[in-house]
Amino acid sequence: MSVTTEPSAARDHAPVGKPNPLFKNLSAKLASIPMIITALVVFVGGTTWTVVYSFTNSKLLPRANFVGLDQYERLWSTRRWMVSIENLAIYGICSMILTLIIGFTLAALLDRKIRFENTFRTIFLYPFALSFIVTGLTWQWILNPDFGLQNVVRNWGWESFAFNPLNDPNTVIFGILIAGIWQGSGLIMCIMLAGLRGIDEDIWKAARVDGIGTVKTYLRIILPMMRPVIITSLVLIASGIIKLYDLVVAQTNGGPGIASEVPAKYVINYMFRAQNLGQGFAASTMMLVSVIIILIPWAYLEFGGRKRG
Amino acid sequence: MVDSALNNAAEPRGPKPKRAFSRANIFIYGTLLLVSIYYLLPLYVMIVTSLKGMPEIRLGNVFGPPLEPTFQPWIKAWAEACTGINCDGLSRGFWNSVKILIPSIVLSILIASVNGYALANWKFKGSETFFTILIIGAFIPYQTMLYPIVIMLREIKLMGSIWGLVLVHTVFGMPILTLLFRNYFTSIPEELFKAARVDGAGFWGIYFKIMLPMSLPIFVVAIILQVTGIWNDFLFGVIYTKPDTYPMTVQLNNIVNSVQGVKEYNVNMAATLLTGLVPLVIYFISGKLFVRGIAAGAVKG
């Protein structure tokens, strides 16, 4: 992300002598109207509206009948929401760690000047082109206990083999995790590989002269140098995790029972199915708060660090 | 492969590998091959399942190749599969998705490229502020904006229609596309812009006669980004359209996860593959440009 402001003095091509500054650069301003509307009305306006109405007791239709923090109290005492949060936490932590490890390892392996690099990269990245719905349905089929992986292994002769994550409330989130990592790790591999390619060849020469092994060089020298790339990857994975919705809908639809519910699904259920808008607004505001909690330290690292460095 | 071999020969770096099958190499290729199986397995399973008949599926070897390949499941998925009372298959969802996709791409890329151009070459007071809001907006969970957009679409009488969804895709595609175009136009030498100004060209003249012809590659990247993004969308489709106008992903989910009737896994997998086919084709054709698109979308956004 680069929202740095370049000095714009050189690009100020205002015709001299126009009295009203409002008409300066008029075509550009007119052309930017869709952007301005999107930014102000949809993004700022829409978000503010949702936050404000999360303090109301809106049911089927939004009503400005303010009830303080009632919706939030109800939200945090709803078991379904607690399950959603817990699932998101497990999914989030596991997927962050695993995606980073897999992404970096694959990138490092591809970086070893190997043959067929393009083929391997194509294979690792193609799931990213697919819809979460496609991913979810495919893995639902592979993890099907009667016809899928479990049954195949049993047919091979291992009769007691049990691998049925999607039908067990305790493990269902890991079944979703398998699919999520399958889809998302290729992207991180790609970003990591770009980062590795950006590292100076001299670092490798110096490490070789000092007699440091390849693995050790990656872990002790290259990895710390990749900090910006890793932070970008983390932000990317994190923003994807909070949006987690389609995959769950396709793979388990929140089941068995409510065992694989996630916050994004909670919001949509309350807004568009249960006709309890206030509850949906409160839940979505909590999602917004969690994004802010993730984004602020990152923005601080990214932009605060740049000023110092 | 030949190309990269030649490049390596042109600029030798480090010691030449002595043996092709050193222990390190066996480890590297072994790991990569194993991991490739994990990535390729679902695609393989989808293909073989979609070509089997139901009796063969009930035998229970999900990894086995089809003994009697049949295209019946594909035909059924395309033309006969049921969602609710409609039994005209995925084809309706496919054409809905096409009808959503084309105007969305044209509109979003047109608007975003002009935005990027204005931000790069015609800065005005506040333009950077709007841009910053736009980029921050890309990180806001969609859930906080879903309902206000429902109200806005109702106000302009587009709720439930394809054009409403087109507008939604245009709005949510704007941050990343604007960033993409802004960064690209900023990298075009300023002298060109200045020369055109001296020759008397204005905002639109420079855009259509100079910037547009010079930036075809970035337009291709933007198109790839949008085709895959919009085709794969589920959330907006399910909320802003109605059953008649459901895009393909929503219809697919309804077909496969419908509770009534006997589950026909081969038809389901054929339907899933059909839905995944468009982005997969784009992916395999576009190759490096796809990577460039997601890299631009990822690293910068």
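Here the Cβ of each residue, glycine as well, is placed from N, Cα and C on the backbone.
Straight from TrEMBL, the features:
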- B:94-286: domain 'ABC transmembrane type-1' (DOMAIN)
- B:26-47: transmembrane segment (TRANSMEM)
- B:100-118: transmembrane segment (TRANSMEM)
- B:130-150: transmembrane segment (TRANSMEM)
- B:162-185: transmembrane segment (TRANSMEM)
- B:206-231: transmembrane segment (TRANSMEM)
- B:267-285: transmembrane segment (TRANSMEM)
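Among the listed stretches B:130-150, B:162-185, B:206-231, B:267-285, the one sharing the most Cβ pairs under 8 Å with the transmembrane segment (B:26-47) is B:267-285. Here the transmembrane segment (B:162-185) does not lie next to the transmembrane segment (B:267-285) in space: the count of CB pairs under 8 Å, restricted to residues six or more apart, is fewer than 3. Comparison of B:130-150, B:206-231, B:267-285 by number of C-beta pairs under 8 angstroms to the transmembrane segment (B:100-118) places B:206-231 first.
Remote same-chain residues near the transmembrane segment (B:267-285) are listed as 45-47, 49-50, 73-74, 76-78, 81, 90, 93-94, 97, 224, 227-228, 231-232, 248-249, 252, 255-256 (criterion: CB distance under 8 Å, separation of at least six residues from the stretch ends).
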